[in-house]
Amino acid sequence: MHNWKGVWLCSLFLTFGQLWNGILLAYPLDCKDEQGSYTRCTSISLEKLLDRAIQHAELLYRVSEESCTIFEDNFAPFSLVSQRSRNFNSCYTKGLRLPSSKSEAQQVSDKWLLHSVLVLVQSWIEPFVYLQRTLDTYNSLPGSLVNKTKWVSDKLPSLEQGIVVLIRKMLHEGLITTDFQQSVIEIEPSPEITDSSARDYMILNCFRKDAHKMETFLKLLKCRQIKKLNCY
């Protein structure tokens with residue numbers, strides 16, 4: 001049962017200012033000093049901070065692709081189910097008002113791109129906690145898949161904290177507000193996907209798509225901020 005449905009996105013459907021209040025004191029894990037304490041990253045250049053965030057997003061996307069492949073290979077004839085599920089417009093984050101393509105992302109501000117990455121990262125933290133629990137119920141699941149999903153679950157908060165620092169560094173604002181408001185959406189599994197393994201695969205596949213968006217948005221931000229060239 002997906003007991004978490006309709007719950008884990010609730011916090012996302014607040015103003016971005018409210019989201020910011022909840023993470024105001026967060027710092028990126030990569031900013032630990034030798035003693036293990038956190039710094040404010042004030043000595044780290046914007047370019048390096050963007051590079052770190054991009055590297056996180058690239059790895060998340062790569063690991064998500066590998067996880068999808070492992071899942072498909074170990075659930076024959078699951079490849080047929082997975083191929084069908086790829087075509088379903090049933091991802092849990094489909095209700096978020098975010099750029100849906102690179103061309104759309106090119107039309108929005110830096111603030112909105114940062115907002116979009118942060119919301120995407122936050123939206124997947126709880127589903128991966130759920131996924132860790134449900135994967136534990138499988139009898140013959142490859143250890144590599146368990147390790148990869150755990151790695152993603154551990155890295156998402158790190159990327160979240162890094163985006164918070166980028167927001168401070170790039171926008172020079174202690175509080176960010178936008179007109180982003182949405183009502184709570186009741187998240188339901190697609191009626192076409194009734195098998196629990198297919199639903200779990202859908203989570204992995206949807207995250208793969210969103211991880212690619214995170215990577216794309218961050219690379220566009222770096223192009224705008226660092227290269228100052230034509231980013232189209």
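Glycine residues also receive a Cβ, built from the backbone N, Cα and C atoms like all the rest.
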Second cysteine of the disulfide that Swiss-Prot assigns to CYS206, among CYS41, CYS68, CYS91: CYS91
Bond partner of CYS223 - disulfide, per Swiss-Prot - picked from CYS68, CYS231: CYS231
Euclidean distance between Cα atoms of CYS223 (disulfide bond) and ASN147 (N-linked glycosylation site), Å: 33
Assigned element (helix, strand, coil) containing CYS231 (disulfide bond), judged by DSSP: coil
CB contacts for ASN147 (N-linked glycosylation site) [other CB atoms within 10 A, all chains]: 12
